[in-house]
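What Swiss-Prot says about this one:
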type     : residues               : note
DNA_BIND : 10-85                  : DNA-binding region
BINDING  : Gly341, Tyr436, Lys440 : 1,2-diacyl-sn-glycero-3-phosphocholine binding site
COMPBIAS : 126-139                : compositional bias 'Pro residues'
CROSSLNK : Lys119                 : SUMO cross-link
CROSSLNK : Lys194                 : SUMO cross-link
DOMAIN   : 222-459                : domain 'NR LBD'
MOD_RES  : Ser203                 : phosphoserine
REGION   : 119-153                : region 'Disordered'
ZN_FING  : 13-33                  : zinc finger
ZN_FING  : 49-73                  : zinc finger
Amino acid sequence: MDYSYDEDLDELCPVCGDKVSGYHYGLLTCESCKGFFKRTVQNNKHYTCTESQSCKIDKTLRKRCPFCRFQKCLTVGMRLEAVRADRMRGGRNKFGPMYKRDRALKQQKKAQIRANGFKLETGPPMGVPPPPPPPPDYMLPPGLHVPEPKGLASGPPAGPLGDFGAPALPMAVPSTNGPLAGYLYPAFPGRAIKSEYPEPYASPPQPGPPYGYPEPFSGGPGVPELILQLLQLEPDEDQVRARIIGCLQEPAKGRPDQPASFNLLCRMADQTFISIVDWARRCMVFKELEVADQMTLLQNCWSELLVFDHIYRQVQHGKEGSTLLVTGQEVELTTVAAQAGSLLHGLVLRAQELVLQMHALQLDRQEFVCLKFLILFSLDVKFLNNHSLVKDAQEKANTALLDYTLCHYPHCGDKFQQLLLCLVEVRALSMQAKEYLYHKHLGNEMPRNNLLIEMLQAKQT
């Protein structure tokens with residue numbers, strides 16, 4: 001749905017620089033980019049770029065490369081789910097609260113400009129400095145190994161990490177008897193790790209959930225109820241770390257000639273994902289869905305949730321020259337540069353750039369849990385039995401995040417939009433990571449019984 005716009009604010013389309021005509025699909029854009037985005041989504045068009053996928057898009061050149069134009073539409077924040085699938089006029093009215101608040105902010109901004117006698121100019125987002133350049137090189141430390149917390153034995157020595165090629169992966173609708181079945185409901189056939197207690201972990205002495213949960217967060221004024229509930233669902237990080245380290249101490253079931261460091265990273269990712277599945281099972285709305293819908297949602301976003309979990313850990317870590325693993329171990333980026341191939345190294349550096357961007361945005365825990373919820377309830381997923389419930393969850397999370405950012409970061413009026421743009425980059429990173437894993441699998445380099453590979457294969461069947 002299009003919303004009226006104050007022309008005297010004189011903003012330019014973030015895609016091509018043409019004059020803005022109104023709010024279209026979640027963003028202020030021109031009429032041309034509005035129509036282009038709508039036609040692309042409704043007709044399910046797929047473009048290719050004849051150059052290097054970095055074509056300049058402006059008012060005069062916007063029709064030369066539809067691939068780069070559509071990518072820019074997504075990058076600046078146009079929303080796929082706002083386009084109606086039935087080709088009727090008018091978009092899906094899910095961004096009404098955002099439009100109204102955004103308009104109020106712009107009216108306030110216009111009044112300040114008139115009062116101060118300044119001319120409104122387009123520029124970088126308010127309160128968000130540009131990310132610094134990639135970190136410099138550092139001295140190489142010893143290789144990757146399992147840490148030794150609380151008396152656990154040390155892990156095997158490190159080995160080199162490999163390289164890969166990266167063609168696109170096919171995407172398909174998952175089935176209900178895939179790799180997640182045994183995690184969501186233990187009665188379903190699946191792998192050995194069940195929904196409550198993963199097999200490599202010893203049963204706790206007293207009954208209870210697999211992970212400890214913090215005390216309810218009071219939050220103070222301006223914290224929406226949804227975010228308060230999500231904060232209570234977050235598992236205790238120390239317990240998650242201890243469980244994953246304990247699992248890594250178990251004898252590996254993979255190929256014995258595999259590089260130890262790569263095997264460990266795969267097993268870390270597996271166990272991290274299991275903790276994410278446990279979190280999802282406890283989420284409001286998600287636990288109300290049928291098992292088939294639960295599996296569809298998780299199989300759609302598992303890689304994004306893993307990437308976002310890693311990114312937020314680095315934001316908390318706060319060190320540009322190293323990466324903090326889920327086990328609590330620091331790995332210098334130059335270790336990756338020395339042991340990994342150029343493509344994997346590029347993926348790590350790209351992730352680091354996103355970390356710097358989120359750090360500049362001052363991403364906090366309240367925003368993290370809400371964004372994670374938004375990733376889980378993506379409206380891009382098709383063939384859901386209860387799409388309306390997922391849509392309602394997405395709308396409530398969007399509203400909660402917008403209200404929170406406006407209340408707690410009034411000096412950054414566009415923080416809500418900038419956070420959603422970060423999710424676009426999270427998705428791009430997750431696709432690149434899946435391509436890396438898949439080609440490791442094709443090269444017979446992945447550990448056996450790897451859950452992530454099973455997730456990839458479920459996408460293709």
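Using N, Cα and C of the backbone, Cβ positions are placed for all residues, glycine too.
Sequence features annotated in Swiss-Prot and their locations in the structure.
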residue	record	CB count, 10 Å
Gly341	1,2-diacyl-sn-glycero-3-phosphocholine binding site	16
Tyr436	1,2-diacyl-sn-glycero-3-phosphocholine binding site	20
Lys440	1,2-diacyl-sn-glycero-3-phosphocholine binding site	22
Which value does the mean pLDDT take for the domain 'NR LBD' (222-459) in this predicted structure?
86
With DSSP helix as H/G/I and strand as E/B, how many residues of the DNA-binding region (10-85) fall in helix, strand and coil?
26 helix, 8 strand, 42 coil
Conformational class of Lys440 (1,2-diacyl-sn-glycero-3-phosphocholine binding site) under the three-state DSSP mapping:
helix
